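Copied over from TrEMBL, here are the features:
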DOMAIN    30-83  domain 'Acetyl-coenzyme A synthetase N-terminal'
DOMAIN    89-483  domain 'AMP-dependent synthetase/ligase'
BINDING   Arg193, Lys194, Gly195, Lys196, Thr316, Ser535  CoA binding site
BINDING   Gly392, Glu393, Pro394, Asp416, Thr417, Trp418, Trp419, Gln420, Thr421, Asp512, Arg527, Arg538  ATP binding site
DOMAIN    543-624  domain 'AMP-binding enzyme C-terminal'
MOD_RES   Lys624  N6-acetyllysine
Amino acid sequence: MSETIDSLLHEERRFPPSSDFTATSVATPALYEDAGKDRLAFWADQARELLEWSTPFTETLDWNNPPFARWFADGRLNVAYNCLDRHVLAGNGDRVAIHWEGEPGDSRSITYAELTREVMKAANALEALGIRRGDRVAIYLPMIPEAVIAMLAVARLGAIHSVVFGGFSAESLRSRIEDADAKLVITADGGWRKGKVFPLKNAVDSAIASQTDGTSTVEHVLVVRRGENDVDWTEGRDLWWHDVVDSAPDEHEAEPFEAENPLFILYTSGTTGKPKGILHTSGGYLTQCAYTHKNVFDLHPETDVFWCTADVGWVTGHSYVVYGPLANGATQLIYEGTPDTPHPGRWWELIEKYGVTILYTAPTAIRAFMKTGREYPQKFDLSSLRVLGSVGEPINPEAWIWYRDIIGGGRTPVVDTWWQTETGAIMVSALPGITSAKPGSAQVPLPGISVDVLDESGNRVGNGNGGLLVVTEPWPSMLRGIWGDPERFIETYWEKFDFEGSPNRRMYLAGDGARLDSDGDVWILGRVDDVMNVSGHRLSTMEIESALVSHPIVAEAAVVGASDDTTGQAVVAFVILRAKQAEAQTAAEAEALLKAQVAEQIGAIARPRRIFIVTELPKTRSGKIMRRLLRDVAEGREVGDTTTLADTQVMNVITDKLR
Ligand code: PRX
């Protein structure tokens, strides 16, 4: 951590906006002024300007029962109507909503009028399957237009989607279906990745078959044909999308729901073994998605082509593939596959082909492209690009500069956007056209957002110091809870800074360390809890440890996130085998077996880069594993201070064995 801080402190480069950019920029300094004058009035204006309400709200925020916020609570709207019908009614039905490109090179361009009809049909089909307001629908799909259509169809009915990333295992899908009591699962036979079809339907079959009490709440499985791979079929339960959706009527009236009607649950890793179902609702969430998408990316919907490379299985895909861009009537690109298939210049080829003007991606991808070399992007015409965004993990200044120079031709603003599954939308970011950019810093809270950095006792650290990042005031797209677990919601985010005697002075603990520089700009330093960030994806050390110890050969396991040049962090595990097993296999065999175990229990993204088979783990006298020391070993450093260990020799035993 101290190395990171040192290198950040030496970053002196500044990139003020060009006068050309500022001349036409969407965001203006008036945003900061208005929000500064009256924060709630500012949000009310945004909600009225950016969305269409069937019943206008009269109350902006109800914070009488913190941390349970209600935004625009007496207003009513339909989220899907706001993303679709109203654009068609405003005369923009012929505008392309989605340019979709499949990995094998097939493509579809879908206008707002067509997308609206597709969603109406899907909504009718889901209604015929018994889906009603409040029901939970699990979506386990590749990056195909049906993923967006399915999410919006669920939203249109006032039901709740729970999108599960297609790279998660059957076991992860099982626990998510079960936690939310999903009634319907929407999946595909398979999708394309790295030149091959990966199956999905089979994982749904095993997830449903392995529900803990032997019964399942899932009544139907709706299957999109994409991979053309063979699938098993359960008559009566399984239905093809093309059978039920294609024949459904293409008129569907969108019923307005209250602003606090739940929109989705999205599971994310926390500090325990069990992922948390983060709950988001409608009006506030959509307001902040639309507001941030418009101002942070300088969106001109008539001319821009926006591309957010995230999968809809993550929050970035929810807010900046589905809800933000569609609420704003933007044209966007969606790409199914991996960046290097069939060649390492695929992304740049797509930018040239579709004239992408705004690109939003993760530092991991940028660092991987830096490794493959600038000759690939340089083969293509990237001159359409005018804004670049980064999200998911700290972007090191070197990657920031490369992104701006090589992808952005040295002209484009780069916005580093800090936010989380829990925050729902962007919270801290430069605004292009206004902010003078600092490579490596997420910079300033957006107009309407208040953040601070506190020390352990809740004192403000002030400029020039580091501490814990908090959000000091409620915001429209804030999570409304953890599905089925209000206590965990309070404990995790709101208890640490609950200032006694003033119940409405609760602050949201983000779980990130941050530093304020001498200008008061925010530099995110990474997680302060047992959450790792691998390629911009959140993984919990505890979750991987429990996947490891659930294998019969494992006695004990400890997992750390070791820093990695490309992926930010990488999963490294230390495992003690059960005595008999230790003799029965070589360390290499055990390592291979356990890597497969993690991939099977959680998903390939969680597969450890290295598993060290050891005979001891470093513990304090109270039995807590000292991960700091294991991180030293994993990163090949001299082992740090061991004086608080119960057995001070234990690190010698470990390092001798690994030498
Ligand atoms: O540690 C922060 C990091 O990603 C975490 C949130 O992960 P997730 O909920 O999966 O959402 C990722 C996409 C919004 C944060 O707690 N993070 C996210 N954006 C940044 C970041 N770290 C540094 N800089 C960022 N711009």
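Cβ atoms are placed via backbone N, Cα and C, with glycine included.
Heads up, TrEMBL stuff is auto-annotated, nobody curated it.
Proximity to ligand 1 (Cβ under 6 Å from any of its atoms) holds for these recorded positions out of Lys194, Thr316, Gly392, Trp419, Ser535, Lys624: Thr316, Gly392, Trp419. Rounded to the nearest whole angstrom, the C-alpha distance between the residue listed as 'N6-acetyllysine' and Gly392 (ATP binding site) is 29. When the CA atoms are compared, no binding-site residues among the candidates Gly392, Pro394, Thr421 lie within 10 A of Lys194 (CoA binding site). For Trp419 (ATP binding site), the same-chain residues that are 6 or more apart in sequence and have a Cβ closer than 8 Å to its Cβ are Val391, Ala425, Ile426, Met427, Val428. Across the domain 'AMP-binding enzyme C-terminal' (543-624), DSSP assigns 31 helix, 29 strand, 22 coil. Maximum C-alpha to C-alpha distance over the listed ATP-binding residues Gly392, Glu393, Pro394, Asp416, Thr417, Trp418, Trp419, Gln420, Thr421, Asp512, Arg527, Arg538 is 18 Å. Note on the domain 'Acetyl-coenzyme A synthetase N-terminal' (30-83): DSSP counts are 25 helix, 7 strand, 22 coil. For Gly195 (CoA binding site), the count of additional Cβ atoms within 10 Å of its Cβ stands at 12 [all protein chains shown].
Thr316 (CoA binding site) and Thr421 (ATP binding site) have their C-alpha atoms 8 Å apart, to the nearest angstrom.
The CoA-binding residues named in the record, Arg193, Lys194, Gly195, Lys196, Thr316, Ser535, extend over a maximum Cα to Cα distance of 25 Å. Among the binding-site residues listed here, namely Arg193, Gly195, Ser535, Ser535 has its C-alpha nearest to that of Thr421 (ATP binding site). When Cβ atoms from all protein chains are considered, those within 10 Å of Lys194 (CoA binding site) total 11, not counting its own.
Separation of the C-alpha atoms of Pro394 (ATP binding site) and Gly195 (CoA binding site): 30 Å, rounded to the nearest whole number.
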